[in-house]
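**Student:** Please see the structure below; I have some questions.
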Amino acid sequence: MQQSAATRKNYQGLDIPVSAGISFPLALLLVYTIILLFAPLYEQPVNREIYFLFLMGIFAISLLGFADDMLGQRDTLGFKGHLGALLHGRMTTGGLKAAGGALIAFFLALFLSSGLVSGWPDIIVDTLIMALFANMLNLLDLRPGRAVKGFFFFFFLLAFLASWKINWILIAPLLGATLYYVHFDLKALAMMGDSGSNVLGLALGFMVAGSLPLSFKVGVLFFLIFMHLITEKYSLTRIIEKVAVLRKIDQWGRGKSDGKSEKTG
């Protein structure tokens with residue numbers, strides 16, 4: 001990647017490879033193929049459908065993120081910016097990614113639901129949770145390691161609340177791929193880009209949607225909406241730098257922040 005055009009200046013102004021997160025769906029494809037090849041040997045039956053649909057959703061959101069990484073204009077940022085561009089007759093890659101992400105989330109929510117009619121409250125909430133989580137991790141991906149730390153924080157919180165409901169075999173390959181990758185992100189050797197942060201966010205949303213009761217999911221949804229409203233108005237980096245605990249966690253594994261603030265699209 002570094003020898004190609006697939007590089008971008010990071011917050012320090014250094015040109016580093018972008019879209020390293022495209023490796024996440026490829027890792028899932030490899031591991032899921034092995035799991036399904038050996039499925040006849042398992043004592044418990046394997047639900048092939050969930051692997052296929054989850055993988056298709058992950059690939060789709062990653063490719064949308066990759067397109068935004070490669071072709072996106074950095075002058076149009078946030079939901080407000082992309083919506084404003086659309087109202088002026090211009091579809092941005094960020095807007096296309098948001099619309100596509102919502103559609104992917106909807107189809108995954110349909111799969112998780114008990115039916116289109118009886119399960120419509122879950123479908124609406126699950127769709128919004130998956131779409132907003134995908135963008136939430138994108139909003140975090142402004143400093144080395146921040147999106148990965150956010151991913152593991154939310155995942156371990158979910159595991160604490162509903163570990164017995166999580167499909168560990170489904171999510172374990174992504175956990176492993178993220179752990180392997182985090183060194184490159186922390187040391188600013190690569191950026192996962194939207195092709196990676198959207199994958200982590202969609203996976204989190206999918207696990208929340210499939211593991212928690214509706215009442216808990218509504219609480220998660222309100223939190224995500226609140227975070228998006230905050231980041232539309234304020235710089236998340238500045239907020240983190242003003243809170244000592246958050247600043248310390250943000251700097252784990254890398255050097256001190258230079259104080260620059262950024263927003264993403």
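Cβ atoms are placed via backbone N, Cα and C, with glycine included.
Heads up, TrEMBL stuff is auto-annotated, nobody curated it.
Relevant sequence annotations retrieved from TrEMBL are reproduced here:
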type	residues	note
TRANSMEM	20-38	transmembrane segment
TRANSMEM	50-67	transmembrane segment
TRANSMEM	98-117	transmembrane segment
TRANSMEM	123-140	transmembrane segment
TRANSMEM	152-182	transmembrane segment
TRANSMEM	202-230	transmembrane segment
**Student:** So, taking each listed stretch (20-38, 50-67, 202-230) in turn and counting its Cβ pairs to the transmembrane segment (123-140) that are under 8 angstroms, which one gives the highest count?
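**Tutor:** Per the Cβ count, the answer is 202-230.
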**Student:** Can you tell me which parts of the same chain pack against the transmembrane segment (50-67), counting only residues 6+ beyond its ends and a CB-CB cutoff under 8 A?
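**Tutor:** Result: 19, 21-22, 24-25, 28-29, 32, 35-36, 93, 96-97, 100-101, 104-105, 107-108, 111, 134, 138, 167, 170, 193-199, 202-203, 206.
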**Student:** Which stretch from 98-117, 152-182, 202-230 shares the most C-beta pairs under 8 Å with the transmembrane segment (20-38)?
**Tutor:** 152-182
